Amino acid sequence: MGRYSVSPVPKCLLLMFLGWSGLKYYEVNAAQLREYHIAAQLEDWDYNPQPEELSRLSESDLTFKKIVYREYELDFKQEKPRDELSGLLGPTLRGEVGDILIIYFKNFATQPVSIHPQSAVYNKWSEGSSYSDGTSDVERLDDAVPPGQSFKYVWNITAEIGPKKADPPCLTYAYYSHVNMVRDFNSGLIGALLICKEGSLNANGSQKFFNREYVLMFSVFDESKNWYRKPSLQYTINGFANGTLPDVQACAYDHISWHLIGMSSSPEIFSVHFNGQTLEQNHYKVSTINLVGGASVTANMSVSRTGKWLISSLVAKHLQAGMYGYLNIKDCGNPDTLTRKLSFRELRRIMNWEYFIAAEEITWDYAPEIPSSVDRRYKAQYLDNFSNFIGKKYKKAVFRQYKDSNFTKPTYAIWPKERGILGPVIRAKVRDTISIVFKNLASRPYSIYVHGVSVSKDAEGAIYPSDPKENITHGKAVEPGQVYTYKWTVLDTDEPTVKDSECITKLYHSAVDMTRDIASGLIGPLLVCKHKALSVKGVQNKADVEQHAVFAVFDENKSWYLEDNIKKYCSNPSTVKKDDPKFYKSNVMYTLNGYASDRTEVLGFHQSEVVEWHLTSVGTVDEIVPVHLSGHTFLSKGKHQDILNLFPMSGESATVTMDNLGTWLLSSWGSCEMSNGMRLRFLDANYDDEDEGNEEEEEDDGDIFADIFIPPEVVKKKEKDPVNFVSDPESDKIAKELGLLDDEDNQEESHNVQTEDDEEQLMIATMLGFRSFKGSVAEEELNLTALALEEDAHASDPRIDSNSARNPDDIAGRYLRTINRGNKRRYYIAAEEVLWDYSPIGKSQVRSRAAKTTFKKAIFRSYLDDTFQTPSTGGEYEKHLGILGPIIRAEVDDVIEVQFRNLASRPYSLHAHGLLYEKSSEGRSYDDKSPELFKKDDAIMPNGTYTYVWQVPPRSGPTDNTEKCKSWAYYSGVNPEKDIHSGLIGPILICQKGMIDKYNRTIDIREFVLFFMVFDEEKSWYFPKSDKSTRAEKLIGVQSRHTFPAINGIPYQLQGLTMYKDENVHWHLLNMGGPKDIHVVNFHGQTFTEEGREDNQLGVLPLLPGTFASIKMKPSKIGTWLLETEVGENQERGMQALFTVIDKDCKLPMGLASGIIQDSQISASGHVGYWEPKLARLNNTGKYNAWSIIKKEHEHPWIQIDLQRQVVITGIQTQGAMQLLKHLYTVEYFFTYSKDGQNWITFKGRHSETQMHFEGNSDGTTVKENHIDPPIIARYIRLHPTKFHNRPTFRIELLGCEVEGCSVPLGMESGAIKNSEITASSYKKTWWSSWEPSLARLNLKGRTNAWQPKVNNKDQWLQIDLQHLTKITSIITQGATSMTTSMYVKTFSIHYTDDNSTWKPYLDVRTSMEKVFTGNINSDGHVKHFFKPPILSRFIRIIPKTWNQYIALRIELFGCEVF
């Protein structure tokens, strides 16, 4: 018998010991135990550290009290030395797949804090996050470690969460304190976590495959939200502001792994740029890393150009606020390992491109044509020069291309409207050399800086914030009237990757003062192409048309020419107040290619053409620019989407196939300014080129128009002056210097002289969008927009018969005949007005109790038929949808018909993303030149009905076999911003063929749709103007009382997210908010991959505006977990929910048959005779052994079970009964359930009807089991018989488990616990029987079927060895019968240990004394007790205290493994 220790122990220390004493069992299987000793401690932090001699003279105003993570030696007495570069960041934690990370944490601060990882496998007591997950005290110690206390966190790096095949060697995540996300982060509690592939780390933790690795955190600290408040907003890299980040060091030809973290407690984006360098991210070549607050990125870079290079976020406010540092690349004598030697044949393909570009000052008209459809308010604010505003014309500087170095002959006579304000397109493929002869014809210094290629310092053309004036070279700032030549070669390390488009989109601009130069107008597009992507004419080989769209925000208030513009265009310049918010706003121009409104001309394309779009975001914008393409989809990075998100100063290349006739809109999705200013219409037309074959007549004009877009060399010399495109002696010399030419191949020189004839000129112009050239040169140059057609775009559309009414069925039929393999799916959806309540609020401190939470809104609701009389009630599968409209499901090649009824009080419509539709089913209003017949869909009046018809082409669905369904959205498009904030939005799921069942649900997958949105009720149609926030509140940034961050419109408490462990769960995530609505989704305890991109592991998912993401998860940890945004302020205010993972073996009898459920817990609407409800127990015996009732007309009988706690129910077993020889049974039934006994829900399941009817019994004895899916959580269950034989009769068992999980049998009854693992103080043995401890198994049959001790006294015990640390949550006890003697234990206590030596009694939490449990009252019944808190132990003993006749025990233990 072991030694007992019952001396009082402090509760927290006891629980901590219990939680981690079993760690040794986990060490055996670990590839490596990586131990870290980390403390949270107070530190005075200076964001702008001064040199030591200066810091002694004055105390910085940028010193703040922070809490930071620091690494210590084992005894927490000596802090470990750390890299100065790490700044505020905690130590970088690293682990390979198979490792275990053990973090010994001590809190030296004055606030409770924790450590929570964004990605790792952990148990509840290593999560480091506090929320209502139903766990016990022992599992909550990690949530918030008090000051002065310690805790040990254990994280497992499993293959399931490790980097996938396509991932880099190490993935970047963050760890941070999760007690209060906003205050903890702003106080400084954050560090980096690198999860790496097996074998990728050296013994010291560094990466094997890189020369260097660096962690940089781009962050915004709001010191007013620090625990130690001091108003200040700091824009930093690793906590350093104003360029004080210590220089990042590298050697030429180093391969560097970058681990970049973005953090802010409010929504924030970062455009991370390394001047003069290119990077590779996820197998795509980039020059700017797109980063959002709360997410991380891993990228790599190979460097070759020496010098000191700027590291910055190109978001204008970040640069101005000092978020920058430097990368210092030195020549360390390393060999060039980056440049591949070329054969002579490869060398011959190298081209030298020479451009002559000038900076010139012009008067720019942002809206030369203002269509009548332009919004009046927008026009008054931005385009009119009333109220002493400047208006739409401004003096600006632009890049202009010339034919030669004389700069007297522009490549065009009149400024081409199609290009807008952009400079000429610069194109080059890998290994080409580009020379830009730049002449500054403006009145102040300018330069040219290019993105996306590696350049030397003399070709950089950029002035840094810290550059002293004496160090500004000629190339960095070209003075007025001066000329400078920028020259560089596109290196192998700059080449687009295999996954990239043929040409990737970059930009160039002046960078003397980047913000002001761009605001003045100096921008242009740059294409970096693969080595075979361009023809010798500079035209893309794999695209019919190349199209550029630059979404630029010109802040004219920051232009060099503001004073000039005020003097020239304001009616009373002397009275202008430049700091007046209205005046300032009027000068911020949202443009597409420099145009701030729609144009009367329409960009035109041929039907079936493949258009390569190059889209870029430029300017002072500090938000994402979501670009929406109507009627078509972008193919970008292997994914079809109709919204592309552009980060500031970055570009995307996308392919669009013109396959939908009509006039459509390319526009920015989001704010009023963006959607009105950043837009252009384009025509997808099916017509014959009437001028085909007339090239000779148009020869001269063709030359002129080709000149505009083809490379300068082509323009510079015609037939009489041919262009030398490739290798000449000079280029060979350059190639040799760069190591590109093999010595053995350098034996001859080659001149590939090409002459451009007129046919080629016209071909180039045609590829660039110019279909025909008529009339004079001047006329053509005034109308360069491709196919700027004035005629009716639909005149030749064979689908339209103006004499007949629109018939939706005919449209659907035509689609189906075209495809010949789809189905028609019909939906009936109405817009209805409701009162929506955002309460209950989960955290009272977040919002004032007096704040209004109930608002009038409009929502989409599904109906059963076209009468719109009977709503289609949502069931368990729809419970989580909240404010979302019904899910519209279809398979690829289907046709969707939606009959829409507007039951609201104002016009609404339906607009679908991702699907194919005619103009008559678009559901959006703009000047698309449609006939009236095609405009009826734009806005359906109140009480009106309209049928939308949408086709599902293959591009709308999953892209490969691993993807099951793809998500899109629909919403009202009358005014998308106001309509969505009013509540009118719903999901579309497009699935593979055969994935949808007869009930219109997906087969064999569990799916959820989550809509992340900050609802701004002030943007709703129904919000009273009198209640809106005042202008003063908006100016000072007061958080609106009327904004509600929520998931599916429900803050904190979204219901219905229940799933099984290890099943495939598909989450469809939507974000249709504005440009600043950025959410980073984190599922605690789980990891996931994006559908179609399973080769990449995700820990968190950035969800950008207009994003529809489908992710796949295999939940590995049972319990209730937190789903949230990593944007702290939104998380704190309600953008979070709980999801429950249930054990796949959650089908345990809940206790009707065993008697655990007592008679008093069973009730009914009535009964007949002695057939009382308490008898309704499965397999009950006796004359009266069931519940039975006589059903009377108009009565609806029921039987109810009160489980006395909320549990998970996954199945129901039913049985009838026999009365003499008569069978009594229920043939069919449905059931209802409730959590409180007041509000009852009818189970609907997969059925489309109002309730699901279950098949009952076919006789009075057979057991029928029905599976309940989805599983439900309830306390009360009622069964309602609807069909029966003779009488409604039930014997019942409910199947399920505990909500908290960890409630599966541990193996006594099943035999999983071996006989040798069950021991006792003694056991009874006679000549005819032996009552050994191994017989103490629940429900064991036989003559000797339990454990009996040798003697009956209080010193006896039964012991079970569970072999490893186990969480034990409950116990069932049972007695036994010997002959006619009934034996059972009436009371008992529990002791446990982890070392089989020092035993501890289980204590009563109320008295802190040993708890005595009530045992059995008979020999065969079951009694179940729950351990709250649970026991964490390997060994457990049951000690009988009192008994009936003799001690006899049969038991089962319930729980789960700890690790």
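The backbone N, Cα and C atoms fix where each Cβ goes, and this holds for glycine too.
Remember, it's a predicted structure, so these values are computed and weren't measured experimentally.
Look at D143 (Ca(2+) binding site): DSSP puts it in coil. Swiss-Prot lists D142, D143 with the feature Ca(2+) binding site, giving similarity to another entry as the kind of evidence.
Feature annotation from Swiss-Prot assigns disulfide bond to C170-C196 (among others); the stated evidence is sequence analysis. On its own chain, C170 (disulfide bond) has R94, P163, L194, I195, C196, K197, S200, L201, Q207, E213, S257, H259, T298 as residues at least 6 apart in sequence with a Cβ closer than 8 Å to its own Cβ.
Annotation source Swiss-Prot lists disulfide bond at C251-C332 (among others). Sequence-distant neighbours of C332 (disulfide bond) (same chain, 6+ apart, CB under 8 A from its CB) are C251, A252.
Under the heading disulfide bond, Swiss-Prot lists C503-C529 (among others), citing sequence analysis as support. Take the CB of C529 (disulfide bond) and look out to 10 A: across all protein chains shown you find 23 other CB atoms.
The feature domain 'Plastocyanin-like 4' is assigned by Swiss-Prot to 539-685.
The region 'B' annotation in Swiss-Prot covers 693-817.
For C991 (disulfide bond), other Cβ atoms within 10 Å of its Cβ number 23. Marked as disulfide bond by Swiss-Prot: C965-C991 (among others).
The disulfide bond feature in Swiss-Prot is assigned to C1146-C1297 (among others); the stated evidence is sequence analysis. The secondary structure of C1146 (disulfide bond), as reduced to three states from DSSP, is coil rather than helix or strand. Shown in sequence order, Y1060, V1208, T1210, P1271, G1296, C1297, S1303, V1304 are the residues of the chain, 6+ apart in sequence, with a C-beta less than 8 angstroms from the C-beta of C1146 (disulfide bond).
Taken from Swiss-Prot, the feature domain 'F5/8 type C 1' applies to 1146-1297.
C1302 (disulfide bond): 24 other CB atoms within 10 A of its CB, across all protein chains. Summarising the annotation, Swiss-Prot assigns disulfide bond to C1302-C1456 (among others).
Under the heading domain 'F5/8 type C 2', Swiss-Prot lists 1302-1456.
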Nearest of the recorded positions (D143, C991, C1456) to C503 (disulfide bond), judged by Cα-Cα distance
C991
Other than its own, how many Cβ atoms are within 10 Å of the Cβ belonging to C1297 (disulfide bond)?
23
Can you tell me how far the Cα of D143 (Ca(2+) binding site) sits from the Cα of C991 (disulfide bond), in Å?
40
Per 10 Å Cβ neighbour count, which of the binding-site residues D142, D143 ranks highest?
D142
Please report how many Å separate the Cα atom of C1456 (disulfide bond) from that of C529 (disulfide bond), as a whole number.
56
Taking only same-chain residues 6+ apart in sequence, whose CB is under 8 Å from that of C965 (disulfide bond), what do you get?
R889, G957, P958, L989, I990, C991, Q992, M995, T1002, I1005, E1007, H1066, H1068, E1091, S1110
Counting across all protein chains, other CB atoms within 10 angstroms of the CB of C1456 (disulfide bond) number 18
Round to the nearest Å and give the CA-to-CA distance linking D142 (Ca(2+) binding site) with C529 (disulfide bond).
52
How big is the Cα-to-Cα gap, in Å, between C1302 (disulfide bond) and C529 (disulfide bond)?
56
Look up C529 (disulfide bond) in the DSSP assignment and reduce it to helix, strand or coil.
strand
Under DSSP, the domain 'Plastocyanin-like 4' (539-685) has how many residues in helix, strand and coil?
26 helix, 69 strand, 52 coil
